[in-house]
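Per TrEMBL, coiled coil is recorded for B:626-667. Taken from TrEMBL, the feature domain 'Histidine kinase' applies to B:674-889. Residues or ranges marked as transmembrane segment by TrEMBL: B:6-24, B:36-58, B:70-87, B:115-134, B:162-179, B:191-215, B:279-300, B:376-399, B:405-430, B:437-455.
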Amino acid sequence: MTEKRVLVVEDEPNIAEAIRFILSRAGWAVTVEPSGARAMVQIAEWRPSAVILDLMLPGRSGLDILAELRADAGLATTPVLMLSARGQGRDREAAAAAGATAFLAKPFANADLLSALEEIAVPLPAQGA
Amino acid sequence: MPFNILVAVSLVYVLFLFLVAFVAERRAARGRLHFLYSPWVYTLSLSIYCTAWTFYGAVGSAARSGLEFLTIYLGPTLVFTGWWWVLRKLVRIGRAQRVTSIADLISSRYGKSNLLGVIVTLMSVAAATPYIALQLQSVTLSFGVFAADTPEFWALPNQSATALWIAGGLALFTILFGTRNLDANERHHGVVTAIALEAVMKLVALLAVGIWVVWGLADGVGDILDRIDASALADWQLQPGRFAGLTFVSAAAVLTLPRMFQVLVVENTDERHLVTASWAFPGYLLLMSLFVVPIAVVGLETAAPGANPDLFVLSLPLSQGQGGLALLAFLGGFSSATSMVIVAAIALSTMVSNHIVTPLWLALARGPAERGDVRGLVLTSRRLSIGAVLAMGYGYYQLSGGSEALAAIGLIAFVGAAQVLPALIGGIFWRGATHTGAAAGMVIGFAIWLYALFLPSVGEGGLISASLMKDGPFGLTWLRPQALFGIDGLDPFLHAMLWSLLLNTLAFLTLSMISFPGPVERLQGVAFVNVFEGREGAKGWSRGQAEAEDLLSMAQRILGAQEAQLFFQAQAAAQGKRGFLPDPTPDFLAALERQLAGSVGAATAHAMISQLIGGAAVSVQDLIAVANEAQEIKEYSAQLEAQSKELARTARALREANEKLTSLSVQKDAFLGQISHELRTPMTSIRAFSEILMEPDLPEAMRAQYAEIIHEEARRLTRLLDDLIDLAVLENRKVNLNISVANLHDLINRAVQSASSTRPERDFRYERDFPTEHMPVFTDTDRLVQVFINLISNARKYCDAERAVLRIEVKRSKNRVQIDFIDNGGGIPKAQQQLIFEKFARLTDTQKAGGAGLGLAICREIMANLGGSIDYLPGQGGAAFRMTLPLRRREGEAEPV
């Protein structure tokens, strides 16, 4: 079985720790990156199978990072799960417009987080082939 | 008259002057100085024209050369009665351009060139040196007169020691009252008041001696007239050339002597005073000269042959046993000498420090020094210059042997000062006068003066050898100092005056015509010549390159923090902005330059601003303004300009109102989003970890760790809700204030103590001035301490200096207190200074801040509730906050929202 790798871009250390615990127990290799500025470098170097991206990051907004990722020819297909704590409908729209694969509002149920990730990271057609 | 009584009386008199000057300064500081703004004080201060030379020397001159002494009074009288529109123009220019000295005026007129400032300064110092020596000599001689009659009391200490004491004392007085502060207007109220008093003293003394001579020694007016007829004075023949020359040079001197310029232009508080002075000052001179001839005639009759006629005013009463009258005369002469030296030293030291020391310092210390206060440097250099000027006067006195007739020395100084005249008069009446012309004229005139008059004056074999005097340098007889170009047989004084002023004027006119003025010079020329048309000088600064913050920190170093902040605030208000920082528009920069020029001179101010702006100079608009100068569209365009400024102000106000409204709705959305974010973030952790804890197979250590996280996040949530509720209550002004009285010092201590738990591991120093902190404040002390704690904790958290220092400055003004918290870190970037008081404005990331970013917003609301304010104070180096607070907070008097 190929390794399932996820990069968690999240500045709140406690939330990042919770996500790390939930996903690694489900068999994911998890790397946490607290800085929005370094997120792109990490994705390019580590090539995760999916990215969990917080919308409000100090230094650089998650929407900016997502836009850059989608513009990058090599990385554009990386699935992205966007998280936001502002909980406004507008955030969900903005994330979709910027190219997020899925969106989850904080706070979330642990099971929802895992299923949302599994859904985007292992697309069914690919599995069938 | 015992000599030691004389010394005692002089000392008491000097102490009295100290007292008067001190009281005047105190009253000026409190703004209660109505009498100082009277034209009479102004007129009396002009009387420093009458130095010891006129007090003693006029009688000596009359005894030696008849009515020639009248020329010294005639020149100024002509200027003040016939030419007072020249004076009015000078005073107007002086005020419009904030001129600090005659050197500053010349330098400012000719393109703010410091070279010219230096030339005029050097000339003035050189010309004033013999003059100051003359004053020292006259006081020393007058001491000698008393000592000679009373050998049994005190042997007169040797004369040079007396002169040294006098020079030292005068230096002290001048430093104390002439350099107390760096006054933006260069006005010295204490000194001016003391000098007005001395003017009265010398007039009363001379009149008293005169009246005593006419009605006491002689039998009234008829008898005196007979005696004059009988004396040698009746045979006096008018020498038309010398008489005219002396009158002219005295007229010039009243305009160009640095000390006269100081009282006439710089210390002038109201242009209208000139109207009174135009007749009152000649009247004063008339009274001063009234009894000169009678005293001279009676003196010649009664004095022993060979007695020094310069001292008749003293020796005559003394020889007739009138000790009291002699003492009065002595004090009159003493007043004349001291007032001249004091004002001359102030004027010269201003020139030396503004045109030589400060520019040198600017050239050596590249870039604005960090916290250096230029004011300290300027004041120190002024104090040293005063000492140096008096030391040079003393040196000249020693060198010249103190033996010459007083009048001769005075005339040397007059001719030296007159060398500025062509550049001065040309500068204010002729737009074509240029920098090159002015410099060449002054240097040539000065050189001839030095060679033909000054150096020979020191005496044979002094600075110039006897053979050179007789045969000229290298045997070139046509270069003999007193017979230039082979013109022999002229009076040496007249000879030097004619040649120096003639060649000076010639060089000035010729070179002005063949050289072209630079752009700044052209604009300044227009501003000077057309000063009555209300044109401003060269603005020259194009917008945008200077950061207002840099300008403020520079201005603070020159004007002082308080003054600079007030000026910037007023300028910002005039532009329709709130806060400390106006836009660096050309108008603002020109105003700032003039303000600085009042402290350090035009050339230096110009140089300092161009250092910050970089290059700059004249905009296209300015050049067009020059080109259109001849056309008569100026008035019309000025009206248009005023209208368009008005429109711009209205548009700015409207735009701001509109921005405010739209940003309010954006803010509301943003605020909701922010609150949601701040509440949901801890809740996310809490929910995720509670779900994890619900699972059965978790190791105990992990369970404990995760429970701890839940606990911590729950507390964070509570804190946030507390802050939000606090803020809401404060914003609605519904807070219950608990007013009590406490010592501000104790409150600050409490805050420092409480804040010490923030980053306790860090080395953090406080800089406080305890005595200024002690004052009772009636306010909600807990709330006030809350604000202090917030500011101190922020400094402890964010100050990024290696050795962090927080300066707490308390200043009380009337019934308010101002508290500044200034740290030495990197400060807050300009773009964010407006933001920090907004809710959730956190400049760094969450982990470091550990709060929701409501601290400063709460501080601002608390201060508003306490009837005060808190603002970011730009331009202080590090992050700086200024709180103001009423000392007594009254119930139910919250500031309107």
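Keep in mind that glycine also has a Cβ here, set from the backbone N, Cα and C atoms.
Fair warning: this is a prediction, and the values are worked out from it, not measured in the lab.
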Model confidence over the domain 'Histidine kinase' (B:674-889), averaged pLDDT: 84
Stretch contact, the transmembrane segment (B:376-399) with the transmembrane segment (B:115-134), Cβ-Cβ under 8 Å, 3+ pairs: yes
Stretch contact, the transmembrane segment (B:279-300) with the transmembrane segment (B:191-215), Cβ-Cβ under 8 Å, 3+ pairs: yes
Contact between the transmembrane segment (B:115-134) and the transmembrane segment (B:6-24) (3 or more Cβ pairs under 8 Å, separation 6+): no
Contact call for the transmembrane segment (B:36-58) against the transmembrane segment (B:191-215), three or more Cβ pairs under 8 Å: yes
Winner by Cβ pairs under 8 Å against the transmembrane segment (B:437-455), considering only B:6-24, B:70-87, B:191-215, B:405-430: B:405-430
Interface check, the transmembrane segment (B:6-24) with the transmembrane segment (B:191-215), three or more C-beta pairs under 8 A: yes
